[in-house]
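Enquirer: Structure provided below as structure tokens; questions to follow.
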Amino acid sequence: MTATLERRANATVWGRFCSWITSTENRLYIGWFGVLMIPTLLTATSVFIVAFIAAPPVDIDGIREPVSGSLMYGNNIISGAVIPTSNAIGLHFYPIWEAASLDEWLYNGGPYQLIVCHFFIGICSYMGREWELSFRLGMRPWIAVAYSAPVAAATAVFLIYPIGQGSFSDGMPLGISGTFNFMIVFQAEHNILMHPFHMLGVAGVFGGSLFSAMHGSLVTSSLIRETTENESANAGYKFGQEEETYNIVAAHGYFGRLIFQYASFNNSRSLHFFLAIWPVMGIWFTALGISTMAFNLNGFNFNQSVVDSNGRVINTWADIVNRANLGMEVMHERNAHNFPLDLASVEAPSINA
């Protein structure tokens, strides 16, 4: 009898815990994905803050030339970063217990791998939590689908690209200047500006910004006035009201006259689907482009593609970009090798031509 009562009590405690985890009445919804998200994101955030402030220099290239990234070692907010895991580690799983000492783990950039792995699990759990809350509330799942775009982008630069290049040292540093360094080196080695998927991503991000600004300004400009001219238009609305607060017909008519009739939407669902899908698909394509370039399927190369009847090269903008790429690649990892592969693998041009 006592054992039965204990089992019932335990089941009741577990049941109460499950109800609390999955309750939509909480101020912040937790959910089962939240059980995984909270500790992983807290770990990633805590280690990032400590490493950004106090981590010692990291031997990023694996050649015994440590690079400083933390504030306490001479950097500021702009130049500081969490330096990627050493090239000597490559793609090996490198938790603290795999190192001979904490100093060795820090020297080889262990915090970067710890942050990236926990961050990846955390953002995937956040996406699952969005779906879970939508499911509990009887909503459709498209919020999580939209969030999959930044998740795909982060996965591409922090995981897929290092895997394709063979080392976590090729991942994006966790800092402002480190991000720009990653972008410059990526252009030098992969010619990303000439990759169609990157072009689609640019169109998605800038187009999404434009459409968002246009939509917000049109809605704000076509509010249905519920007050007199002596009162604020905002006074006529209350949070959660069922009635629409703006006149889509008026907005459609304005925009149709501003450009042409079929340039605007007269259906609210079609409009908002377009506003969502445009930037999401753009970022999806960018993430896919990064993932293909990770395995050296690079952007288009039109170098020296225009020649005259005598075979002499007529330089185009592609040749200027190529020269800039070589210059950036020469500056990258200048102590790790004498020449970038592009320069070392071709014959020197004749000076008599």
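Quick reminder: no glycine exception, Cβ is built from N, Cα and C everywhere.
So Swiss-Prot lists the following for this protein:
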type: MOD_RES; residues: THR2; note: phosphothreonine
type: MOD_RES; residues: THR2; note: N-acetylthreonine
type: TRANSMEM; residues: 29-46; note: transmembrane segment
type: BINDING; residues: HIS118; note: chlorophyll a ChlzD1 binding site
type: TRANSMEM; residues: 118-133; note: transmembrane segment
type: BINDING; residues: TYR126; note: pheophytin a binding site
type: TRANSMEM; residues: 142-156; note: transmembrane segment
type: SITE; residues: TYR161; note: site 'Tyrosine radical intermediate'
type: BINDING; residues: ASP170, GLU189, HIS332, GLU333, ASP342, ALA344; note: [CaMn4O5] cluster binding site
type: SITE; residues: HIS190; note: site 'Stabilizes free radical intermediate'
type: TRANSMEM; residues: 197-218; note: transmembrane segment
type: BINDING; residues: HIS198; note: chlorophyll a PD1 binding site
type: BINDING; residues: HIS215, SER264, PHE265; note: quinone binding site
type: BINDING; residues: HIS215, HIS272; note: Fe cation binding site
type: TRANSMEM; residues: 274-288; note: transmembrane segment
Enquirer: Specify the nearest of the binding-site residues TYR126, HIS198, HIS215, SER264, PHE265 to GLU189 ([CaMn4O5] cluster binding site), where nearness means the distance between Cα atoms.
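Expert: Comparing Cα positions, the closest of these binding-site residues turns out to be HIS198.
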Enquirer: Measure the Cβ-based neighbour count of HIS198 (chlorophyll a PD1 binding site), defined as the other Cβ atoms within 10 Å of its Cβ.
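Expert: Around HIS198 (chlorophyll a PD1 binding site), other Cβ atoms within 10 Å: 23.
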Enquirer: Show which residues of the chain containing PHE265 (quinone binding site), separated from it by at least 6 in sequence, have their CB under 8 Å from its CB.
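Expert: Listed in sequence order: HIS252, LEU271, PHE274.
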Enquirer: Let me check one thing: do the transmembrane segment (142-156) and the transmembrane segment (274-288) come into contact, meaning three or more Cβ pairs under 8 Å with sequence separation of at least 6?
Expert: yes
Enquirer: On a C-alpha basis, identify the one among TYR126, TYR161, HIS332 that is nearest to HIS272 (Fe cation binding site); the candidates are the recorded positions.
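Expert: For HIS272 (Fe cation binding site), the spatially nearest of the recorded positions is TYR126.
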Enquirer: Please give the sequence-distant neighbours of the transmembrane segment (197-218): residues at least 6 beyond its ends with Cβ less than 8 Å from one of its Cβ atoms.
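Expert: For the transmembrane segment (197-218), the nonlocal Cβ contacts are 251, 254-255, 271, 274-275, 278-283, 285-286, 288-289, 292, 299.
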Enquirer: For the quinone binding site, please report the maximum Cα-Cα distance among HIS215, SER264, PHE265 in Å.
Expert: 10
Enquirer: What Cα-Cα separation, expressed in whole Å, is found between the residue listed as 'chlorophyll a PD1 binding site' and GLU333 ([CaMn4O5] cluster binding site)?
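Expert: Checking the Cα atoms of the residue listed as 'chlorophyll a PD1 binding site' and GLU333 ([CaMn4O5] cluster binding site) gives a distance of 25 Å.
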Enquirer: For TYR161 (site 'Tyrosine radical intermediate'), just count the other CB atoms lying within 10 A of its CB, please.
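Expert: Step by step: centre on the Cβ of TYR161 (site 'Tyrosine radical intermediate'), count other Cβ atoms within 10 Å, giving 22.
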Enquirer: Which whole-number value in Å describes the distance between the Cα atoms of SER264 (quinone binding site) and HIS332 ([CaMn4O5] cluster binding site)?
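Expert: For SER264 (quinone binding site) versus HIS332 ([CaMn4O5] cluster binding site), the Cα atoms are 48 Å apart.
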Enquirer: Can you name the residues of this chain that are 6 or more positions from ASP170 ([CaMn4O5] cluster binding site) yet have a C-beta less than 8 Å from its C-beta?
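Expert: When sequence neighbours closer than 6 are ignored, ASP170 ([CaMn4O5] cluster binding site) has PRO84, TYR161, PRO162 within Cβ distance under 8 Å.
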Enquirer: Once the DSSP letters are reduced so that anything not helix or strand counts as coil, what is ASP170 ([CaMn4O5] cluster binding site)?
Expert: helix
Enquirer: Using only C-alpha positions, which one of HIS118, TYR126, HIS190, GLU333 is spatially nearest HIS215 (quinone binding site)? These are the recorded positions in the record.
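Expert: Result: the closest of the recorded positions to HIS215 (quinone binding site) is TYR126.
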Enquirer: Out of GLU189, GLU333, which of the binding-site residues is least crowded by other Cβ atoms within 10 Å?
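Expert: With the binding-site residues GLU189, GLU333, fewest surrounding Cβ atoms within 10 Å: GLU333.
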